[in-house]
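If you look up TrEMBL, you'll see 85, 90, 167, 172 marked as Zn(2+) binding site.
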């Protein structure tokens, strides 16, 4: 999206690293056209309208394109605070004193394990990357159908990506402000929240760690 290009330019001056490699949508594909549509509507500045399903488009494809985009955004935003998010400073994956996350992916790690925030986020982003790279889950070729459980998979991805935002806001917002990236973080998170609200993709109880912020960011746009 438009602000991401600005974010790349700004962060690029300071650090070219993303936490994980960027996930690209193949040029010339229908999903690439959808991404361009999303960028154009985001450029208008109306985030509520920008997240709406374009006329005649498939919901699964729209969710897929935006999920990839959010992965790239969060990947980049977390990449700016990795120097501050260390095993020593963040020995548990938390979002404030009341919320702690334990990692399990149901495949390699079946029983939830307690781990540091950098370890948890590494597990999380690697897991998301594996889902996005799976052509049976996120088909990039025209005519290849989405699986029946696609939206459930997307919901799990988005629920987990939310936890990275929650950790950054609760544990690293001072660092974000020092880097003068708070406007980019807020715009990215607001876009993310409008999107998941539009399609009911994250259970409200999962959003509680950032509920006050969500209300503050979204109230004036109702």
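The backbone N, Cα and C atoms fix where each Cβ goes, and this holds for glycine too.
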Quiz prompt | Sorted by sequence, non-85, 90, 167, 172 residues with Cβ within 8 Å of centre, Zn(2+) | solution = 81, 84, 89, 117, 118, 121, 168, 171
Exercise. Could you list the residues of the same chain, at least six apart in sequence, whose Cβ is under 8 A from the Cβ of residue 167 (Zn(2+) binding site)?
Key: 85, 90, 93, 94, 95, 117, 121
Quiz item: Other than its own, how many Cβ atoms are within 10 Å of the Cβ belonging to residue 172 (Zn(2+) binding site)?
Solution: 23
Exercise. For residue 90 (Zn(2+) binding site), just count the other CB atoms lying within 10 A of its CB, please.
Key: 20
